[in-house]
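Record features (TrEMBL):
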- Lys12, Phe13, Gly14, Gly15, Thr227, Asp228, Tyr233, Arg238, Lys263, Val264: ATP binding site (BINDING)
- Thr49, Glu125: substrate binding site (BINDING)
- 319-391: domain 'ACT' (DOMAIN)
Amino acid sequence: MRQTDFSYTVAKFGGTSVADYQAMQRCADIVLADPAVRLVVVSASSGVTNLLVELAKGQLTEAERLDHLAQIARIQYQILDQLQRPAQLAADIDDLLVQMDKLSKQRLGGLANGAISDALLALGECCSSALFAELLRQRNEQSLCFDARRVMRTDNHFGKAEPDLTALKQLLEQHLQPLLQANRVVTQGFIGADSEGNTTTLGRGGSDFSAALMAEALQAEVLAVWTDVDGIYSCDPRLVTTARPIPELSFDEAAEMATFGAKVLHPATILPAVRCGSAVFVGKSRAPEQGGTWIRKEVATSPGFRALSLRKQQTLLTVHSLNMLHARGFLAELFAILAKHRISVDLITTSEVSVALTIDDTGSSGSGASLITPELKQELATMCRVEVTEQLALVAVIGNQLATTAGIAKQVFEVLEPFNVRMICQGASPHNLCFLVDAQEAEPVVQQLHRTLLDD
Ligand code: ADP
Ligand code: ASP
Ligand code: MG
């Protein structure tokens, strides 16, 4: 049973969709065309988070730091100027730019500091949400900008904080939901706050995840993700020119695609939708009339081969130990150490005395290799010999009944004949067949597979 008698659509607009004033106007057209859209979640304007990430590293020269700040100010002022610089908004944006200056100065030459970094990264979304709420008001809409940190309670793992779903639901019902009747509420994706009020972020691309969690907390009927492509394609269209948008995907298929590298959705986006049963739509804010992809529990077709995903910068960890031979508990011990170091394992294959696994680096800015710290290596060395291989790419073939249909492996591996396949995982899920290849071979592999398995 839904708790509300009104069915909400939560609309999320990504960075390119709110890149400038004209792009924001197109988002406003989409919002105003649908009375069900009461909550709007925005990313930072395109390019801003990348600049903030550089500032947060604290390794720029003073001239570079000032140049980065000037680039961000230019992006925000272009929008502010076209909004005719309302006094309060201009003061708010200037205040956010001053905070960027201060925090980036604090980061200069300093040791890594997650709290300062996240406070800095969050400012991009703070700017775009304030600007977009004003733009809606100028289109005669009752609208306000709501600070997501009031509801998006997380733990304090800066850079990749984990939301507390119970707190989010309770805070959202208390502080945000009552505003939705009278206002179109604009809030920030990507950002949250821990229980002490420190700003946190959910990892790169996290605005999709924020929107999905808010849609779940609101029990929204639809989560609409507006981006720069007209749907989820059979492969990243930047990689395969013949890739085509898929009109309808099941939750399972979409979750596999997001998990295995289809950047169009943050990997964690689908789970909240599955839990609350809302449909997810992915469309292009520049051309909403082109339609997009609907992701639902039940779909009309379930083809064997649906799509391909590619995840670069993969790190393979191979551990060898003779103690594994006929032993009990070796894997449990290995996984306990990895869990203690907050490493989430992705693919895994085992032999009698070795285990090979890839590391899930979802949302982190670096590759999995940066998660393998000297402390982790030291601890693993007490029980096994460890080998780390970088420069790999993970290719996922996504579809249905892949593990139970005769001939699937043959079709895939015939294409792979000229390439060196480093590791293969099949059988755990009916929806994927994954393997690792050398990074430089990844694109030809994916292009060749698409030609054979998915081109008409
Ligand atoms: P936003 O800023 O709106 O969140 P992103 O850049 O995060 O947008 O995601 C959109 C991009 O995802 C597309 O431009 C496209 O290059 C990439 N992408 C990767 N895989 C796919 C896919 N299977 N279908 C569509 N886009 C994909
Ligand atoms: N602005 C953040 C990023 O660029 C979050 C997002 O866009 O989803 O990673
Ligand atoms: Mg994104």
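Quick reminder: no glycine exception, Cβ is built from N, Cα and C everywhere.
TrEMBL does not curate its annotations; it predicts them automatically.
Projection of TrEMBL feature records onto the structure.
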| residue | record | Cβ within 10 Å |
| --- | --- | --- |
| Lys12 | ATP binding site | 27 |
| Gly14 | ATP binding site | 25 |
| Thr49 | substrate binding site | 25 |
| Glu125 | substrate binding site | 29 |
| Thr227 | ATP binding site | 24 |
| Tyr233 | ATP binding site | 23 |
| Lys263 | ATP binding site | 18 |
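Applying DSSP to the domain 'ACT' (319-391) sorts its residues as follows: 26 helix, 23 strand, 24 coil.
In the three-state DSSP classification, Lys12 (ATP binding site) falls within a strand. For Thr49 (substrate binding site), the nearest of the binding-site residues by C-alpha distance turns out to be Gly14; the candidates were Lys12, Gly14, Tyr233. Residue pair Tyr233 (ATP binding site) / Glu125 (substrate binding site) shows a Cα separation of 27 Å. Close contacts with ligand 3, defined as a Cβ under 6 Å from any of its atoms, occur at Gly14 among the binding-site residues Gly14, Thr49, Glu125. Selection of the binding-site residues Gly14, Thr49, Lys263 by a Cβ distance under 6 Å from ligand 1 yields, in sequence order, Gly14, Lys263. By the rule that a residue counts when its Cβ sits under 6 Å from some atom of ligand 2, the binding-site residues Lys12, Thr49, Thr227, Tyr233, Lys263 yield Thr49. Separation of the C-alpha atoms of Glu125 (substrate binding site) and Gly14 (ATP binding site): 10 Å, rounded to the nearest whole number. The full span of the recorded ATP binding residues, Lys12, Phe13, Gly14, Gly15, Thr227, Asp228, Tyr233, Arg238, Lys263, Val264, taken as their largest Cα to Cα distance, is 22 Å. Note on the domain 'ACT' (319-391): mean pLDDT across this stretch is 84.
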